[in-house]
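Visitor: Okay, so TrEMBL annotates it like this:
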ACT_SITE  H330  active site
ACT_SITE  H375  active site
BINDING   52-79, K458, K460, S521, R548  substrate binding site
BINDING   N331, E360, D362, E409  Ca(2+) 3 binding site
BINDING   D705, D707  Ca(2+) 5 binding site
COILED    462-489  coiled coil
DOMAIN    43-150  domain 'PH'
DOMAIN    160-195  domain 'EF-hand'
DOMAIN    492-608  domain 'PI-PLC Y-box'
DOMAIN    611-736  domain 'C2'
Amino acid sequence: MSCLQREPELSRSQELLRIASRKKAIQKNVKLLGLEGDSDLQFLLQGGDLLKVRSSSWKKTRYFRLQEDCKTMWRESKKTFKSKQTFSLDDIAEILMGRQSEGLKKNTEEQVESRCFSIMFKGRRKNLDLIASSEEEAKQWVKSLQKVVSNINNLSRQQTTEHWIFSCLRKADKNKDDKLSESEVKNFLRLINIEVDDDYAEMLFKKCDKSKSGYLAGEEIEHFYDLLTQREEIDVIYGEYAKTTGFMSPQNLVDFLMKEQRGKATLADAHKIIEKYEPDEHAKEKKLLSKDGFLMYLHHPEAMILNPEHSEVYQDMSQPLSHYFISSSHNTYLMEDQLKGPSSTEAYVRALLKGCRCVELDCWDGSEGEPLIYHGYTLTSRILFKDVIKAIKEYAFKTSDYPVILSLENHCCVEQQAVMAHHMSSILGSALVTSPLGDGMPTNFPSPEELKGKFLIKGKRLNKLEESNDEDEGEAEQKEKKKKKLKLAKELSDMVIYCKSVHFHGFDDARKNLSFYEMSSFKEAKAVTLAEESANAYVRHNVEKLSRIYPAGKRTDSSNYDPVPLWNAGCQIVALNFQTTCNDMDVNQGRFLVNGKSGYILKPAFMRDITTEFDPITLTRGDWLKHKTLHIMVISGQQLPKVNKKKSSIVDPLVKVEVHGVPADVAEKETRPVDNNGFNPEWNENFQFDVYVPELALVRFVVEDHDSTSDNEFVGQYTLPFTSLQLGYRHVPLLNKNGDLLPSAGLFVHVMVMDAE
């Protein structure tokens with residue numbers, strides 16, 4: 001049944017107008033996505049019935065189809081036609097084929113496995129669990145959704161902005177006649193986060209209403225759009241370099257790139273930019289760059305604030321494992337707090353998709369001989385150990401090819417430990433490291449490159465790696481029991497190769513008595529004390545050995561701690577609660593934003609030298625001291641979202657610029673707030689920062705909604721390493737509190753870095 005047959009009855013003329021309007025909207029958005037004539041997109045636009053699953057007793061048919069914006073999925077009840085709901089494809093984190101979600105595993109039978117799929121959303125929104133009528137149809141839905149989501153994610157910010165404004169225009173057009181009355185224009189301005197007085201709105205409307213008809217249509221709407229999206233700061237910059245009949249010639253563009261962006265550029269580079277970004281074919285033929293093309297280029301990732309070379313793996317990945325910071329999660333199985341929150345395999349999927357390379361498994365005895373994962377002595381829900389291993393196997397290497405460490409908190413009896421070992425061996429197969437790489441006994445860690453696609457087990461071990469693995473189980477167990485009465489299955493013990501857990505008894509003891517693969521875990525308070533009082537010793541310890549840091553037990557709400565002081569001390573596995581949104585997770589995401597989001601960041605050379613004198617607290621002189629002055633001008637913002645979803649709510653944005661790093665580098669400065677304008681606020685404010693250890697510094701941009709009577713509300717942020725900054729005029733993308741991209745929102749800044757000496 002077509003979607004048009006499902007809508008309320010219209011007169012023939014109204015129906016024809018609506019069909020024409022919808023076709024026009026679809027054509028525009030299909031072209032924007034680059035999917036003209038694509039059968040997968042047409043499948044979604046046509047839509048179809050799916051069985052929605054909430055529980056074992058609640059399974060109901062819902063009709064789903066893609067709306068004409070090619071970005072919003074719409075669904076309704078098949079019986080009543082009253083309950084209409086939508087969700088944006090922007091909000092999809094992953095599409096899971098089969099019975100992979102907790103809901104489908106619990107509420108459906110195995111025989112429908114091939115017909116099931118789940119839509120996993122960003123943030124804490126519940127999954128949408130669905131069953132198709134056949135395996136082929138399920139595969140078609142998954143394939144089609146994945147393709148359109150991928151194309152949306154690949155749109156440039158300029159294209160995303162146009163798409164968003166066009167969608168808001170259609171939303172403001174209440175009667176869908178492709179015209180805007182003055183009241184609809186005012187409604188549109190509120191939708192895009194601008195509050196203007198009635199006189200200004202009336203002036204703007206009359207300026208565009210060339211036909212004096214009392215509404216805007218066709219070219220008048222285009223003129224209205226041009227007025228809204230005009231950016232004076234871009235006009236000024238472009239005007240300075242557009243010396244060829246009002247356009248930029250290739251040489252003009254080279255001059256801009258070298259003088260303003262501080263880059264190396266040739267005429268060949270300029271020709272490539274014009275060919276790639278100039279939308280006007282006439283200008284492109286003449287090898288000229290228009291203002292629209294110039295703005296398209298500035299919005300592209302290669303021209304934004306993050307060095308595009310750092311978006312790929314660019315660091316040396318052949319160093320020992322201990323020479324890297326490793327993206328790490330604590331209590332990975334939890335979706336919320338540590339007292340009564342749900343445990344889920346989906347939490348592992350989310351962490352792994354964010355590039356996490358060390359996940360934690362709290363293992364306890366379960367019924368029927370099957371080990372469980374949950375937070376012990378609490379009311380958190382329980383999940384099967386084998387289901388977690390399956391999920392890890394499926395999603396471990398989708399974001400990064402580099403090794404994943406399974407950190408086992410083992411509370412199981414010996415019998416169920418053997419079951420754990422069996423599941424890991426059978427599910428992970430040859431990807432599981434069960435013996436040292438290479439010939440002979442190793443004296444140092446292998447590299448991330450050597451361990452690509454591999455799993456490492458972190459846990460306790462009955463004997464030294466140097467001792468024979470073929471030693472009789474009774475003898476090995478007896479030997480270890482004499483020390484600490486350790487009850488450990490030999491099958492599980494033998495899987496611990498490079499990450500053997502041991503207690504920490506001081507840096508001298510570790511240097512004299514521990515092998516390179518013996519590592520300690522530190523509570524945050526102990527680690528912070530060591531990082532403050534014995535910083536250089538900690539840095540040296542972490543050259544050859546791994547250290548894992550985890551949050552204090554009192555953090556029952558799954559809150560986090562600041563990871564920066566621990567990175568400053570060279571700690572590699574600084575584990576945070578990935579399920580919790582906070583400033584600390586923002587900074588963690590910024591640290592691992594680069595190097596291809598591989599989850600591995602090479603430590604600076606002065607943190608890889610066992611004789612280093614580096615101390616982040618005292619900052620004695622050394623090659624780590626490279627004093628720089630960072631100048632940042634916060635120029636403007638674009639399409640900042642509303643914090644409060646009420647129609648009348650408009651943000652009053654301000655921008656904070658923070659530097660995180662060694663104590664001497666930590667700083668924060670902020671702009672004044674701009675009243676009632678989240679669409680195109682301007683600040684034009686300059687800030688200056690002294691940065692002494694740039695290789696450890698991170699720069700964070702934060703946008704807040706100013707409130708004079710209470711705390712400001714978070715709007716968006718972006719964090720990146722100081723060494724990954726591009727100089728000159730740059731757009732800064734913004735992420736929401738969950739760390740996901742805000743599609744159209746951003747800042748425009750100017751960045752300059754100078755030697756301070």
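Every residue gets a Cβ built from N, Cα and C, even glycine.
Fair warning: this is a prediction, and the values are worked out from it, not measured in the lab.
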Visitor: Taking the Cβ of E360 (Ca(2+) 3 binding site) as centre, how many other Cβ atoms lie within 10 Å?
Guide: 23
Visitor: Among the binding-site residues listed here (S56, E68, T72, D705), which has the Cα closest to the Cα of N331 (Ca(2+) 3 binding site)?
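Guide: So, of the listed binding-site residues, the one sitting closest to N331 (Ca(2+) 3 binding site) is S56.
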Visitor: When secondary structure is assigned with DSSP, how many helix, strand and coil residues does the domain 'PI-PLC Y-box' (492-608) contain?
Guide: 49 helix, 20 strand, 48 coil
Visitor: Where the distance is taken from Cα to Cα, which of the binding-site residues E76, D705, D707 turns out closest to E360 (Ca(2+) 3 binding site)?
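Guide: The smallest Cα gap between E360 (Ca(2+) 3 binding site) and any of the binding-site residues is with D705.
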Visitor: In whole Å, note down how far the CA of D362 (Ca(2+) 3 binding site) lies from the CA of K458 (substrate binding site).
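Guide: Per the Cα atoms, K458 (substrate binding site) and D362 (Ca(2+) 3 binding site) stand 12 Å apart.
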Visitor: So which one is it: of the binding-site residues E68, E76, D362, E409, D707, which has the fewest other Cβ atoms within 10 Å?
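Guide: Sparsest of the binding-site residues E68, E76, D362, E409, D707 by Cβ contacts within 10 Å: D707.
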Visitor: Could you check the recorded positions K52, K60, H330, H375, K458 and say which one's CB has the most other CB atoms within 10 Å?
Guide: H330
Visitor: With the Ca(2+) 3 site defined by N331, E360, D362, E409, which remaining residues of that chain have Cβ atoms positioned within 8 Å of the Cβ centroid?
Guide: H330, T332, Y333, L361, I373, H375, S407
Visitor: Nearest by CA distance to S56 (substrate binding site): which of the binding-site residues is it, out of D362, E409, D705, D707?
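Guide: It is D362, whose Cα lies nearest.
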Visitor: Taking 10 A as the limit, how many CB atoms besides its own sit near the CB of N331 (Ca(2+) 3 binding site)?
Guide: 29
Visitor: Which chain-mates of D705 (Ca(2+) 5 binding site) that are at least 6 residues away have a CB under 8 A from its CB, listed by sequence?
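Guide: Expected: V643, V651, D652, P653, N712, E713, F714, V715.
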Visitor: Taking the Cβ of T72 (substrate binding site) as the reference point, list residues of the same chain whose Cβ is under 8 angstroms away and which are at least six residues distant in sequence.
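Guide: In sequence order, the residues whose Cβ lies under 8 Å from that of T72 (substrate binding site) (at least 6 apart) are L66, T86, F87, S88, L89, S167.
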Visitor: Other than its own, how many Cβ atoms are within 10 Å of the Cβ belonging to S56 (substrate binding site)?
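Guide: S56 (substrate binding site) is surrounded by 11 other Cβ atoms within 10 Å.
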Visitor: Of the binding-site residues K52, E68, D362, E409, D707, which one has its Cα closest to the Cα of H375 (active site)?
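Guide: Going through K52, E68, D362, E409, D707 one by one, the Cα closest to that of H375 (active site) is D362.
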